[in-house]
Amino acid sequence: MRNPLLLLVCLAAVASTPLALAADPQAAPPSTQVLLDQAKVHLSAGRYNAALDSFDAALAQDPNNHLTLFRRGTVQLSLGRIAEATRDFDRVLAIKPGHSRALLQRAKLSAKQGRIQQAISDLTKLLEAEPANTEATELLATYHEAAAQLAEGERLAGAGRHEEAIAHLSAALVEMPYSIPVRHLRAQSHLATGAKVMAIGDLSRVAQIESNSIPTLMQLAQLHLDIGELSGALTNAKDCLRLDQDQKECKKTFRTVKQLEKAIKAAEDVLAKQLWKVAINKLEAAKPPVVAQVEAFGQEAKELRKRVYSIICKAHGEMKDNKNTLLWCGKILEIDGENVDALVYRGEAKLDMELYEDAMRDFAAASQHGGQSQRIQQLHSKAQRLHQQASRKDYYKILGVPRTATHRDIRRAYQKLTRTLHPDKYQGDLSKEAVEKKMGEINEAYATLKDPELRARVDNGEDPNDANAGQGGNPFGGGHPFFQGGGGGFPFQFQQGGAGGGGSPFKFNFQFQ
């Protein structure tokens, strides 16, 4: 029975042999067997690179040892070094053409790289020597099917039937994922159908396999730019310039992306500082303007367009520019119908424009799509109240002014209306009672809107003069607001009835403040 302790001591001694040699350069080099034993120890400890060093040293002494070559090939394969592993298996088969494990491994590697006929040939040879090899039999059938799928995909692509071609090429790529020609062919079919994102996926894989391909990197940079992925375009352009710093197209793409990103970032920075107009100016100052640039990209550049539109939507929304808010927030919602910020800004603009039902729909949609904030609930409630108010009394409409009117605008409108409806000057078709009623409404509207507190309640959808609504009584302190005695202003009187009649006098007190 072997002594485990003695075995560990021996293995440790073998593994430490290179250190001893380094300390004593006059010592004889270790034998091939010692080196192979070292490799075994390194592999058992998971030190694959150290194992490769031992295999390299062993092969330097015995370059035609097919077993050592095969073992090194399997380690290369474990480390993902496909090309190196393939070379080792090729050398094994050059020395010993019937080596079954080398045939099997090379067939798998050949298939993954798209050399499907080479894979089929290796498996056929293997099965001639080992007809009962189940794994080889199953793989051979799989590779024949992959070859048929590839042939059909190539035929369909050549005939311009790209949607069908993509399906067959995708099936082939399951078995040959590292095939550069098949990846390129499917990318071309994706581009023919307008699927730039899918084409980018294939070409990105090609760039990983073939890292020094400038044409692939150039194409990727442009495609990323076309779909508005600035970071992807910048990465591809940089990789291209590392390979050739004078490449003109890569330089052009790099400059375009850097300038565009700089302009957008500058606008976002000032927007965060609430400099709304400056943010818009930053986008317009770029040459060409940022909006023109992003709208010139392909239809798939949705995220970049949304990013830019969001800056403009928010800026106009905060500046209460309702027309432009509707325009730019609407552009966002064409791309992303569930964008909460765009729905809220557009809803507020519609609220200011007295489009209450439309505003309620926007606020409801914002709430439905994740905007469960108190502010959205308050805006929705305000729109509901204003909508209800619009069907009753509207003080702004009575005076003929918009909700955005200043105090000065309201006073001027009131003065104009009172002069028009002066009982001694009125020339219209209204009856005396109608004129009195109209003047009462005008006086009430003016008294309400000139008071900042009462006006704020009106703007919030309340009627401060509706006692039934529980919002307080008449602001005039009782009685009809039109019939008041005393106070300032310029009182005037007129006698109801004809000359010598006994009608009662009315005293109108108009107060312009």
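Using N, Cα and C of the backbone, Cβ positions are placed for all residues, glycine too.
Note that TrEMBL annotation is computational and uncurated.
Model confidence over the coiled coil (243-277) stands at 94, taken as the mean pLDDT rounded to a whole number. Feature annotation from TrEMBL assigns coiled coil to 243-277.
According to TrEMBL, the feature compositional bias 'Gly residues' maps to 470-490.
For 394-462, the entry in TrEMBL reads domain 'J'.
Taken from TrEMBL, the feature region 'Disordered' applies to 457-498.
Per TrEMBL, the feature repeat 'TPR' maps to 32-65 (among others).
The annotation repeat 'TPR' is assigned in TrEMBL to 66-99 (among others). Sequence-remote contacts of a segment are chain residues at least 6 beyond its ends whose Cβ falls under 8 Å from one of its Cβ atoms, and for the repeat 'TPR' (66-99) they are 32, 36, 39, 43, 48-49, 51-52, 55-56, 58-59, 105-106, 109-110, 112-113, 125, 129, 178.
What TrEMBL records for 100-133 (among others) is repeat 'TPR'.
Per TrEMBL, signal peptide is recorded for 1-22.
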What parts of the chain pack near the repeat 'TPR' (100-133), using Cβ distances under 8 Å and only residues at least 6 beyond its ends? 66, 70, 73-74, 77, 82, 85-86, 89-90, 92-93, 139-140, 143-144, 146-147, 150, 175-182
